[in-house]
Amino acid sequence: MTTPPPRPRAWQTFLSAPGLGSRWPVAVRSALTLAVPALGMWLAGHGAYALLVALGTFAMLYGENRPFRVRWRVVATIGAILIASVAAGGYLSELLQSRITDANLRAAVLVVVMSLLAGTAVFIGTAVRAGPPGPMFVVLTAGVGWVVVSHGIDPAIVVGCTALGVASSLVVSMAPALWSRDKPQTAAIDAAITAVGRFLDADSASTAELAAQASRNVAGEQLHNAWTVLHDAAQTDGELADRLWAAHQRLAGAPDGTSTEVTESGYPPPLPRPSIVHRLSESAHAHTLPAYSAGRLVIASLLAGALSIILALGRPDWAIIAVVLVLQMGPDRVRGSLRGVQRMIGTSLGLALFVVIHSTEPNQLTLILLLAALNFLIELTVASNYGLAAVFITPLALLMSSPSGANAVWSTAGSRLAETTIGVTLAIASLWVLWRHGHRATLRLAQRRTLGRARALLDVAVTQTPLRPPASTMRRDLQWTLLGADTAGSNAALDEPAWAKVEWPHHLSVCSSAYDVLAACWRAPTGEPVDATTADRLRARMRGLNDDDAGPSAN
């Protein structure tokens, strides 16, 4: 069977929440990250500003599942970005209010700045394959910074509260190192071993080629991630590394008698993910997924913000945030459309929750506790179901930045609903209208890169051992390219099933040939290159896979 994957069922997309029940310890820490500094400010008599601490606590979301050796750097880096984003929005608001009297002109400047910020954030996030929670919080903090300063709060106060939230995130994120230092590494290795086992079971059971190849891709991705985690933790030798090494050998089909321990093998472990510079340079091409995603987002954001201004809805930044909620992390048009509807439902429910909370007229202490509870629920859901997370993100953002009063709350909810509708609609439209055949070009580019790197690796691996540089670096880069090709293939299959059905046999052949090159490198005898017979056989397979000669047109 060589058919592409089917389109997902809508109900699965809406209701799926993998890992939801396992995240409560992280969610508790997230609540404490906000509650402790905010309560401290309230006790010190600064309760009016305590809610703004939440802007910095978003940094904690990005550090989870990372080894503690690097987690503090990730949280600190994201925290610095959030502080810079809040400062940019806040000080720009203050500057424009002092220089420009026309409110619509000020809003237009905001739309341009936030659209470019969002486009840059989405390009970088998609290029480095950052995963959840995505760049949305970077854009959200800029918008909130703009709004609260326009309501008269000193931007220095907003920046200071955000910095306090970042500091709290750093402390609370690192606290588990005191009692479960190896948990991130163990979780990553267990996931990789499970994925390898599933592939071997599927392969031995003569499962359909599509299913076997898909499980092989998942296994490769999980192994790549696990080695990266061990490198981040500086634990590429010892028991954890030996477990992962054994799984890697099983996937590669290493011959009997091959060492299952890294230290006994005599070779360095597989390299971690490529550098950020390498990942960004790989995406600096007109036909990559990050380029298309950023282009669609900037255009949709400019239009959404402009419509918000024309209709006098009051928060063009909110319309842009709605666009980001749909387009961040580069979805295909089917999953993006389902995601848009999901986000629309989640935001609508969040607006209803905001009205309920606001109507009770909570005092400062109650608001702090409510926001801590919302932070708990956001962390619990954001990695599993972003639509569900939007139910809690929406009231949290609005409670920090909306005026009080019974009339104001209904006006605020109505305007935000209209802006969400505009943003989601334009985001979905951009997937179907802009660069309609972009997925074809992206897939062809990924296939060319995959074949080119597989051939180059093979040329080197027949002259030296493939487990040392430069072959080891080339193996790492080929694995990274294969993961991108898998994503490009899945997106093309969902965007245009008829075209992908014709293309799919060629795509499977490209990916399986490249994986077989990697496997040949692993099966090479200790300290020796890939044997010439194997290399000739692999070269012959790839000679018939020139992208320009196979498959339907990419136009």
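For all residues, glycine too, the Cβ spot is worked out from N, Cα and C.
Values in this document were obtained by computation on a predicted structure and should not be read as measured data.
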Ranges in play 135-151, 186-202, 509-525, with TrEMBL marking transmembrane segment at 135-151
Decide whether the stretches the transmembrane segment (369-397) and the transmembrane segment (39-62) have at least 3 CB pairs under 8 angstroms, with pairs required to be 6 or more apart in sequence. yes
Long-range Cβ contacts under 8 Å made by the transmembrane segment (105-128), restricted to residues 6 or more beyond its ends, are 85, 88-89, 92-93, 96-97, 134-135, 138-139, 142-143, 146, 276, 279-280, 282-283, 288-291, 293-295, 297-298, 301-302, 305-306, 308-309, 316-317, 320, 323-324, 327-330
**Interface present between the transmembrane segment (39-62) and the transmembrane segment (157-179) (three or more C-beta pairs under 8 A)** = yes
Residues in the domain 'Integral membrane bound transporter' (304-429) per DSSP class, helix first, strand next, coil last, are 104 helix, 0 strand, 22 coil
